[in-house]
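Copied over from Swiss-Prot:
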| type | residues | note |
| --- | --- | --- |
| BINDING | GLY47, GLY48, HIS49, ASP66, PHE93, ASP108, GLN115 | S-adenosyl-L-methionine binding site |
| COMPBIAS | 301-310 | compositional bias 'Basic and acidic residues' |
| REGION | 275-310 | region 'Disordered' |
Amino acid sequence: MPDHPLSSGVAFSHVPVLAETLMQVLSEQPPILWQNTAVIDATLGGGGHSKLILERFPGVRLVGLDQDPSARAAAASRLEPFLDRVQIVPVNFAAFEPPEPVSLVLADLGVSSPQLDVASRGFSFRLDGPLDMRMNPVAGGETAEEMIARLDVNALADLIYAFGEERLSRRIARRIKADLEAEGAYAGTAALAYAVAGCYPPKARRGRIHPATRTFQALRIAVNDELGVLDRLLQTAPGWLKPGGVLAIISFHSLEDRRVKTAFLQEERLERVTRKPFMASEQEQADNPRSRSAKLRIARRRPDTARSGP
């Protein structure tokens, strides 16, 4: 049962990315795979993908994992018609172990629209809010504000370069540390975004991609250990699957996609469904701009491998 009370007023709307493509691939698998079985949505979010899966496959029971309380509440509301087949677990997928082999593990690695659009979460450079960026503030942990204050200029530059692939990382880190020395702290996300944008030439500040995008990505990844968590999922998820079970991962930047691609190539228990990733159609990109960078990679558990750990 859900860990969170149902609420029809949860302000958490999320358009699932590459949903039609995912459902098409799942529908092409042997029908027996979806009979009297469990599936895992490792990044439940608002429950958009999960709702489609439950509608299409009445023989599945779904376990939804999410560490974000607002996401769990929204998913419980959206999935209310299926609650006899749904369990929502308040956990990061890196800390989960299913009690039985499953037919599907799905992970959508993107930050959801509600997280980006709620200023108080601190993820957005377009809306002013506290420099937080924690996926699960209730659990504690270091905020983005605390992290940039703790790191020296070289460590901060290395972080922005490694996790944001930001070519101006050293200039940005010097600006951040100079501002902190002069002001003590940034007033919020808007002040940090303004400082980062100021490190770019004027012409570069007017492009389609905001100049602060890569820096904010880097800080969010570091605050939540997103790549470490993904690595642990890629190590453990193949062992969760039944023979023929599907592992589907949607990534949104090259750091994630490279890890997924490499794992699918090197993991002996998996075989790729396609060599190249699925990407959003022009129509989906027009309807949902956040799908532009999405890549869906899908692999199957080889039928001749016994369930085991990494």
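Cβ coordinates come from backbone N, Cα and C, glycine included.
Keep in mind that this is a model prediction, so the values were computed, not measured.
Residue with the densest Cβ environment among the binding-site residues ASP66, ASP108: ASP66, by other Cβ atoms within 10 Å. Least crowded of the binding-site residues (GLY47, GLY48), judged by neighbouring Cβ atoms within 10 Å of its own Cβ: GLY48. For HIS49 (S-adenosyl-L-methionine binding site), the number of other Cβ atoms no farther than 10 Å from its own Cβ, over all displayed protein chains, is 26.
DSSP assignment over the region 'Disordered' (275-310) gives 9 helix, 9 strand, 18 coil. Its Cβ taken as reference, PHE93 (S-adenosyl-L-methionine binding site) is surrounded by 22 other Cβ atoms within 10 Å in the chains shown. In the three-state DSSP scheme, GLY48 (S-adenosyl-L-methionine binding site) falls into the helix class. Taken residue by residue with DSSP, PHE93 (S-adenosyl-L-methionine binding site) is part of a helix.
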